[in-house]
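Student: Summarising the annotation, TrEMBL assigns active site, proton acceptor to Lys185. The N6-(pyridoxal phosphate)lysine feature in TrEMBL is assigned to Lys185.
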Amino acid sequence: MIPHLDLKQLNRPYQAEIAEAMQRVAESGWYVLGKEVVSFEKRWADYCGISHCIGVANGLNALELIFKAYDFPEGSEVIVPANTYIASILSVTSLGLKPVWVEPDIDTYNIDPHKIERMITSKTKAVLAVHLYGKCCTMKPIWELAQKYDLKIIEDAAQAHGATYAGLKAGNLCDAAAFSFYPTKNLGALGDAGAVTTNDAELARKISSLRNYGSTIKYYNDHIGTNSRLDELQAAILNVKLNHLDAENQRRRELAGYFLSEIKHPDVVLPTAKTLYEDAWHLFVVRHPKREQFIDYLMDNGIQATVHYPVPPHKQRAYAEYSHLSLPITERIHNEVVSLPLNPSLTNEDAAYIVQTINQFAFQSHAAVGYYSGL
Ligand SMILES: *Cc1c(COP(=O)(O)O)cnc(C)c1O
């Protein structure tokens, strides 16, 4: 079977380097906020082209710490994309802020920048730009709105390591950005890890204090903080894996380009090719009107496709208070999306087999429902 993603296979090429890094930490005797964290923070900031990076425990905490540091008055509104993973929304509501949902652009799956302005009120403090599936949001109109209404823009770059927009890296497109290094992400640790990036020195100082009990000098606490430090062992592993991120993203782009040019199926809607070289291709997401049938067909042929995500946040039981909202584009996307296997360990043979299998489905499904009855 071609798995959607096999983490063991993904990390196999780096096993020796990872083992060495772990050994180095084990022998150092310094296990929390040590050299590896400092080094990774510096290297990740440099990679993103930004001045500050603060390592934290995970991606959700990275988002939450940004909102916590901004300290918006309770009840402030944050413009969020309705089409996202629930973590984006949790970061807003867990800080007592109100999510204001905006529909996506059906071609990019990211927030539709032209639907933001009508949702801005006197209580709006920020826009959360989620770069879903590895594609950066269309930032220019969002930058203009932020300037016009004096809003902060916060990036959820958890799926966009190495993606670019207008020549700038994700993580360097807004006031502050959150990254996750969850094992399945383009840059993945062997456990939970995350980071905040920003050019704002004041914000960086505050977040680096907040993640460590609100303390900068041991046993002196300036803020009501929390414990959300990036683990030293995970930082050491990230220092290894960062060396390979560009090559891995390059391979993802190569595979995405191949899928985009070779998959030809009247019912399969491919992702936009416009941003082929800017995307980080965290996921290769297509749409099919009969999703379950399509997934079953692929599975019967040894290809594991998955769904990101089956239920939009506003339709989750946890957010019952928002279930009345009418967000038809978001709901349609959640009903039709299918993520094909696309990751650095996919071989050319796997990719060719996926293409061939999908293209054959075109014939089968159409013959079955008689679309070609005129022939
Ligand atoms: C993975 C992810 C997060 C959360 O990251 P964790 O490290 O799992 O907390 C947030 N937003 C998006 C879009 C994600 O994909």
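Note that Cβ sites are derived from N, Cα and C of the backbone, with glycine treated the same way.
Source: prediction; values computed, not measured.
How buried are these features, and what lies next to them?
Tutor: A C-beta separation below 8 Å, combined with a sequence spacing of at least six in one chain, links Lys185 (active site, proton acceptor) to Ala158, Gln159, His161, His282.
The secondary structure of Lys185 (active site, proton acceptor), as reduced to three states from DSSP, is coil rather than helix or strand.
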